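According to TrEMBL, the protein has these features:
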{"type": "ACT_SITE", "residues": "S184", "note": "active site, nucleophile"}
{"type": "ACT_SITE", "residues": "D354", "note": "active site, charge relay system"}
{"type": "ACT_SITE", "residues": "H387", "note": "active site, charge relay system"}
{"type": "DOMAIN", "residues": "50-109", "note": "domain 'Partial AB-hydrolase lipase'"}
{"type": "SIGNAL", "residues": "1-25", "note": "signal peptide"}
Amino acid sequence: MAPTELLRLASLSLLLALVVQPHEAYGSTRGSFLSNDGSAAVSGICATSVTIHGYKCQEHEVKTKDGYILSMQRIPERRFEGNGNAGTKKQPILIQHGVLVDGMTWLLNSPQQNLPMILADNGFDVWIANTRGTRFCRKHVSLDSAQPEFWNWSWDELVSFDLPAVFDFVFNQTQQKIHYIGHSLGTLIGLASFSEGHQADTLKSAAFLSPIAYLSHMNTALGMVAAKAFVGEITTWFGVAEFNPKGQKASAFLKRLCNYPGVDCYDLLTAITGKNCCLNFSTVDLFIKNEPQSTATKNMVHLAQTVRDGVIAKYNYGRPDYNRMHYGEAKPPVYNISAIPRNLPIFISYGGQDALSDVKDVLLLLDSLKFHDEDKLMVQFIKDYAHADFIMGTNAKDIVYNQVLRFFKNQQ
C-alpha cells in the first residue's frame, strides 16, 4: 500500500471514530447507558428519550436474513394525541443514523428541535433504525458479540441485509410505501441500496442530509496531523474484529494524539466534523454521554477503501482470487448511483463547512444524478453548516427540517 493510501486509511479511521473520550460528560442524565459488551442494560431509547416528553413510543426487534437482531423505535403519533385519530393511517418515515452512533443522536435536542418528534407532530408515523453492533443491536440468532464472527461485516451488509430488513418490517406493519431519511453513513447505505433496487417496491422518496458517497475530498486538519503522526498505528487494528472507540486500544491512541503539538482535545468534534455553527453545550454533553458506538473494523476498512479508491464499491478483499471467490471477478463491483430510478423523489441537503461531506464530493454525487428527473431532485446548500448541525443544530428545524417536511408533503 502506497504511503498516501496509508495516510488516508489512518485519517479516515480517526475521523469517523468521533472520539470524544477526553471529555467528561456533565449536565443532563437523559440517555440510555449500555456498555459495549452488552452488560448493564438500562432502559431503551423509547423510555429514556421519547415517552418522557409525552409521546407514545414502541420498541421493536427486527431480524435480518443473516441473523442479526436490530432494535427499532416507533413514534406513531403526535404528542398527547390521545385516541382522537385512532385508526387514521399516517405516512411512515424511516430514519437512519450514521457510523459509530445510534438512533439516540436524533433525539438529543428538545422535542421542538429534534427531527423525529417534529415529524411525529406533523402527522407522520416515525421509525428510527439502529445498525448492527450499536448498543441495542448486539444480538444474533447464533453468534455472540464477543465472537470475532459477529463483526465480520462492512457497510455492504448494511446495504444488503439491515436496510432491507427494516424496510420490510415497516412496510409489513403499515402496508404503505416509506419515506427515507439518512444522515452521513445512512446516506451512503441508502444510495447504494436504492441503486441495487433493494427497496423498489417499498420506497416512496428519500432525503439525504450531509450525504456521504464519494469521500476523496474529505478534509480535516486533525485527521492529517493524526495520520502523519501515527501512520503505522492503524495496522494494530487489523487483528481486532470490533472497532470500539471507547476501548483500550482507541483510548491509548487518542491519549497519544492529545499530546501532539497543536491538537485541541477539547474541540475534537469541530476538528473532525468541521466547524458546526449551531450546537448548544447541553446537546453536545448528551452526545458525549451517549456516543460513540462500536462498529466492525471491517466496516472502517471498507470506508477507508472508499476514500482511497475514489469510487463507491463493494468491500475489497485485497487479492484478486479472494475477490473472485466473493464476486466472481478480480475487482469489487461498483455501486452505480446513476441506476437509482430517475423518478424517485430525492432531497439532498449539504453544508459548506462540512469536513466529512465535502462540497466537492457532494458535487460528484450530484453529477451521478445528472440524468435524474429535474422535478424529482431538490438540492439545498447551507453555507454555514457542518456535519453535526444536521442532527443537533438548534436552528435545524427552521433551516433544514421545514424543507424536509415540505418535500415529503409534496409527495403525498
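Positions of Cβ are set from backbone N, Cα and C atoms, glycine also.
Each residue contributes its Cα atom, and for D354 (active site, charge relay system) and the residue listed as 'active site, nucleophile' these two points are 11 Å apart. Note: the Cα of H387 (active site, charge relay system) and the Cα of the residue listed as 'active site, nucleophile' are spaced 8 Å from each other. Across the domain 'Partial AB-hydrolase lipase' (50-109), DSSP classifies residues as 8 helix, 19 strand, 33 coil. Confidence in the domain 'Partial AB-hydrolase lipase' (50-109), given as mean pLDDT, stands at 90.
The Cβ of S184 (active site, nucleophile) has H97, G98, V99, S210, I212, L356, S357, H387 as same-chain neighbours under 8 Å, each 6 or more residues away in sequence. Counting Cβ atoms from all protein chains shown, D354 (active site, charge relay system) has 28 others lying within 10 Å of its own Cβ.
Counting Cβ atoms from all protein chains shown, H387 (active site, charge relay system) has 27 others lying within 10 Å of its own Cβ.
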